[in-house]
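Novice: Pasting a structure below so you can have a look.
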Amino acid sequence: MASKLLRAVVLGPPGSGKGTVCERIARSFGLQHLSSGQFLRESLGGGGEAGALAQQYLERGLLVPDHVITRLMMAELEKRREQHWLLDGFPRTLGQAKALDGICQLDLVISLNIPFETLKDRLSARWVHPASGRVYNMDFNPPHTQGVDDLTGEPLVQREDDRPEAVAARLRKYKDAAKPVMELYKGILHSFSGTETNKIWPYVYTLLSSRIPPVLPEEEH
Ligand SMILES: Nc1nc2c(ncn2[C@@H]2O[C@H](COP(=O)(O)OP(=O)(O)O)[C@@H](O)[C@H]2O)c(=O)[nH]1
Ligand SMILES: Nc1ncnc2c1ncn2[C@@H]1O[C@H](COP(=O)(O)OP(=O)(O)O)[C@@H](O)[C@H]1O
């Protein structure tokens, strides 16, 4: 019998380590990490009205309207019906959660609770490789060569929405939007608090291992 396909969500405020933890889960369990933010950034390049609209929201650190992100995510999930789903940053509102519940029953929701000051410090030191979405941090995981992506050698950039004023807006908005989502999923919610991903990771690894077999040992993330 085919093993059950994982339907998991990782939530947390900007800078909480969603992308970092999802990449570790993807590598350790042999599945793909689906980031709503990355899909949006990739959609901007296509031009068109939707891309221009989304750009305005992203740059200001505002949530993109539910109907825009839901349509985008449903299309991406439709392509992956026969694959594990590890969703990073979606759903982020009750409306999005209800849309997702309309097409699947989630197995687990992981919530990363990281102190406000830690989030701000992390985002000020975040550098990304736009094409791949790979994430670096001058303090936590610097690139082998300063300023360039480890795999392609292409330049790293800081995201427009990681500027302090945009970060403040994102952090302010996150809590209100996320509260009803956590409430909806309280029966399958696993919250992890702390200031270091490396300390949270073993618990996340153990939790996922209870759902699907790992392909790498915990320490080889
Ligand atoms: N100092 C530090 N930085 C971290 C830690 N975990 C992740 N980061 C960095 O913090 C930034 C935000 O992490 P990211 O995974 O992008 O968070 P997301 O916005 O929730 O997806 C990135 O630059 C990461 O490299 C940690 O434990 N300590
Ligand atoms: N589920 C979502 N609903 C609405 N907007 C979203 C969603 N996911 C991402 N976005 C938009 O994309 C931006 C970047 O998201 P993401 O890459 O997850 O960054 P972060 O984890 O740092 O918030 C968000 O600030 C928001 O503007």
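Glycine is treated like the rest: Cβ placed from N, Cα and C.
Sharing the features that TrEMBL gives for it:
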| type | residues | note |
| --- | --- | --- |
| BINDING | G15, S16, G17, K18, G19, T20, R126, V135, Y136, T197 | GTP binding site |
| BINDING | S36, R41, L62, L63, V64, G89, F90, P91, R92, Q96, R159, R170 | AMP binding site |
| DOMAIN | 126-161 | domain 'Adenylate kinase active site lid' |
| REGION | 35-64 | region 'NMPbind' |
| REGION | 125-162 | region 'LID' |
Novice: Relative to ligand 2, which of the binding-site residues G17, F90, Y136 have a Cβ found under 6 Å from one of its atoms?
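Specialist: Only F90 meet the Cβ criterion.
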Novice: Using DSSP, what's the helix, strand and coil tally for the domain 'Adenylate kinase active site lid' (126-161)?
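Specialist: Split by secondary structure, the domain 'Adenylate kinase active site lid' (126-161) comes out as 2 helix, 12 strand, 22 coil.
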Novice: Which has the fewest other Cβ atoms within 10 Å: G15, G17, G19, the binding-site residues listed?
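Specialist: Among the binding-site residues G15, G17, G19, the sparsest Cβ neighbourhood within 10 Å belongs to G19.
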Novice: As a quick check of your reading of DSSP, tell me how many residues in the region 'NMPbind' (35-64) are helical, how many are strand and how many are coil.
Specialist: 21 helix, 1 strand, 8 coil
Novice: By a 10 A CB contact count over all chains shown, which of the binding-site residues listed here is most packed: L62, V64?
Specialist: V64
Novice: Rounded to a whole angstrom, what is the C-alpha distance between G17 (GTP binding site) and F90 (AMP binding site)?
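Specialist: That separation, Cα to Cα, works out to 14 Å.
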Novice: Expressed to the nearest Å, what is the distance separating R92 (AMP binding site) and R126 (GTP binding site) at their Cα atoms?
Specialist: 22
Novice: Are any of the binding-site residues G19, S36, V64, R92, R126 near ligand 1, with a Cβ under 6 Å from it, and if so which?
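Specialist: Near the molecule: G19, R126.
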Novice: Quick one: largest C-alpha distance among G15, S16, G17, K18, G19, T20, R126, V135, Y136, T197, binding GTP per the record, in angstrom?
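Specialist: Farthest-apart Cα atoms in G15, S16, G17, K18, G19, T20, R126, V135, Y136, T197 are separated by 15 Å.
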Novice: Going by Cα-Cα distance, pick out whichever of the binding-site residues L62, V64, R159 is nearest to Y136 (GTP binding site).
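Specialist: Checking each of L62, V64, R159 against Y136 (GTP binding site), the shortest Cα distance is to R159.
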Novice: Closest to L62 (AMP binding site): which of the binding-site residues G15, G19, R126, going by Cα position?
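Specialist: Among G15, G19, R126, G15.
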Novice: Hey, which of the binding-site residues F90, Y136 is the loneliest by Cβ count within 10 Å?
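Specialist: Taking F90, Y136 as the binding-site residues, the minimal 10 Å Cβ count falls on Y136.
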Novice: Given that the record lists S36, R41, L62, L63, V64, G89, F90, P91, R92, Q96, R159, R170 as binding AMP, what is the largest C-alpha to C-alpha distance among them, in Å?
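Specialist: Max span of the AMP binding residues, Cα based, is 24 Å.
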